[in-house]
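Here's the structure, in structure tokens; my notes come after.
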Amino acid sequence: MFFRTSSLFTTIVAFTVMAAAMPGNPKPTTTTVTVTAPAHPTATAPASECKTGPVQCCNSVQSSKSPAASLLLGLLGIVLQGVAVPVGLTCNPITVIGVGGNSCSAQTVCCENNNFSGLIAIGCTPINLSL
């Protein structure tokens, strides 16, 4: 009986020491905050006006507040605080020269932030390739 009581006591002490050694607060997570200018209704611009990178062909362009865009932004850890900006979903760069081979059957846009491997582009403005 003494052996079992001492084993139980030793086990309780061991668990107490291990619990005391573990940190109580987890390490804080880092959140990426992307700040863009608030979206204003804009007219379609000519492709030559895209100064932020290549013209993009996006499957859809939605508000950053839409469920699909919010989900992707959240999964990527991107926070757009207090603004609703147009974002392009599933985008590929296209060249304006030689449009015949690089046509876009979806929406052509010029976006401010295209650094997410085509999954999402932030701050998009519609582009007219025929201008």
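Placement of Cβ uses the backbone N, Cα and C atoms for every residue, glycine included.
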Of the candidates Cys104, Cys110, Cys111, which does Swiss-Prot name as forming a disulfide with Cys57? Cys104
Disulfide partner of Cys58 per Swiss-Prot, picked from Cys91, Cys110, is Cys91
Integer Cα-Cα distance in angstrom, Asn128 (N-linked glycosylation site) to Cys50 (disulfide bond): 11
